[in-house]
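Chemist: Sending over a structure as structure tokens; questions will come in a sec.
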């Protein structure tokens, strides 16, 4: 099998949506029967995003095999069926770490280690390794052309055309085509200069994606084609849209997939986008709306909860409901109390780290429990629900987690010091372990309790969901909590770790230690989010009555 590579770069400004554009193109190519995957190359020095602030970098997306990756990989999995792995994302930091490790071992036999060829070779090796077994690999280069940090990656992808053949490489460049109200027209000069910058590196783009708040007129696209040495049919207008799931259709309508298939000499049927048309139909024809409050500590940057937000929308699609998400700072709940939680049809508490805002989350969990409001707790959201129940129902005064109060009397949540990974190897963690790369992370089996609400929603006895945490329910105190009315609805494969809890006497109160948002997609949804949004709609109807 010959693998073809599409390298996606961005120019003029950041945040043009390279990841969405790449994922949308991948969705069309997949719909043509091609085996497609997507990679993200990040130019920052961090080894991975695992220890980066969510308010700076957004969420950390966890893959099935336990890699902590860029949030763009979440977009990739929501658009295509291929599951991402640790091969699909790497950073400058990881590349340099590997090269330096080899140098220390003496692998380079005393050679002077340089960016070219050692760093660029390592990058190319990673790209080729990640693309094995696929017809087409889309490779998104993080950052903006012109950034110093991106230069080794750009040089590596320039060399790829030499290594694998120009006929198997395509360069797709996203640029901004701004509209100037004073002039009453779009301006192409920024795009021309961005392409000039790319040419100075040795890369001639084959496709230009022109991002604008409106459709770029044909005459302006012809002008861009002339000055940038790109065929007119390869200059694509990509305007702002109210739903990212419209983008595959927009790209297909301009023949981008046909152009690429011809460029790679690929013979494949026309793309069938019926599934995406169904998603858009469900999105544009809701039967009602619900308001769900998300109580978090990183709410100033919604991207910190990107997959949760998307999963809630997917749950809305499956119930033909528009989901209005109200982001609420958990510290505001601490200071202003229950007034922050009124007018909500459901409450969701997502994952997080650190004690700041935790008591606000505990208060929100109590409010949901006492007022029969649907509640979904994820990761830390399960732990605070357990703390709240232990304190106010099970009689464990000031019950807490050892993450926040190490010497508390009732440590209902405690550090996992030992477990087995997916290969059966024993993992050991202590308070002294590094923060990076030391969590229980990735896909883990969970056995669902017969007769539980979650068993009913999933429709099967065993599931696999993705984790990212260090702390777990303390089994030593579990019997007292269960005796007070809490039900364990799911356990780990070895039956030692509590994965899901429910309140049988509550209309819909579910909390899980894993992150179900990472496996939700617009086409398939997710059982927990579909059930949660349905419960929000049912609660709203009860309130009206």
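Our numbering is plain: 1 for the first residue shown, then up by one each step along the chain.
The backbone N, Cα and C atoms fix where each Cβ goes, and this holds for glycine too.
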Chemist: Starting from the CTP binding annotation in Swiss-Prot that includes 14, 147, 148, 149, 187, 188, 189, 190, 191, 192, which of 40, 124, 223 is the extra site residue?
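Modeler: Matched candidate out of 40, 124, 223, per Swiss-Prot for CTP with 14, 147, 148, 149, 187, 188, 189, 190, 191, 192: 223.
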Chemist: According to Swiss-Prot, 380, 381, 382, 383, 403, 470 bind L-glutamine; so which of 352, 442, 443 is the extra one listed there?
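Modeler: Site partner of 380, 381, 382, 383, 403, 470 for L-glutamine, according to Swiss-Prot: 352.
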Chemist: Do you know which of 72, 107, 163, 303 Swiss-Prot groups with 15, 16, 17, 18, 19, 20, 239, 240, 241 in the ATP site?
Modeler: 72
Chemist: Look at each of the binding-site residues, 14, 188, 383, and point out the one with the fewest other Cβ atoms around it within 10 Å.
Modeler: 14
Chemist: Could you tell me the C-alpha distance between residue 14 (UTP binding site) and residue 140 (Mg(2+) binding site) in angstrom, no decimals?
Modeler: 13
Chemist: Would you measure the largest Cα separation among 14, 147, 148, 149, 187, 188, 189, 190, 191, 192, 223 for the CTP site and round it to whole Å?
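Modeler: Overall maximum Cα spacing for these binding residues reaches 31 Å.
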Chemist: A 10 Å Cβ contact count, applied to the binding-site residues 187, 470: which residue has the minimum?
Modeler: 187
Chemist: Which binding-site residues from the set 140, 191, 470 come within 10 angstroms of residue 19 (ATP binding site), judged by C-alpha positions?
Modeler: 140
Chemist: Given the recorded positions 140, 352, 379, which lie within 10 A of residue 515 (active site) by CA-CA distance?
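Modeler: Passing the 10 Å Cα cut: 379.
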Chemist: Select the most exposed residue of 148, 380, 382, where exposure means the fewest other Cβ atoms within 10 Å, treating these as the binding-site residues.
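Modeler: Fewest other Cβ atoms within 10 Å, among the binding-site residues 148, 380, 382, is found for 148.
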Chemist: Give the maximum pairwise CA distance in Å, whole number, for the residues 15, 16, 17, 18, 19, 20, 72, 239, 240, 241 listed as binding ATP.
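Modeler: The span, Cα to Cα at its widest, is 20 Å.
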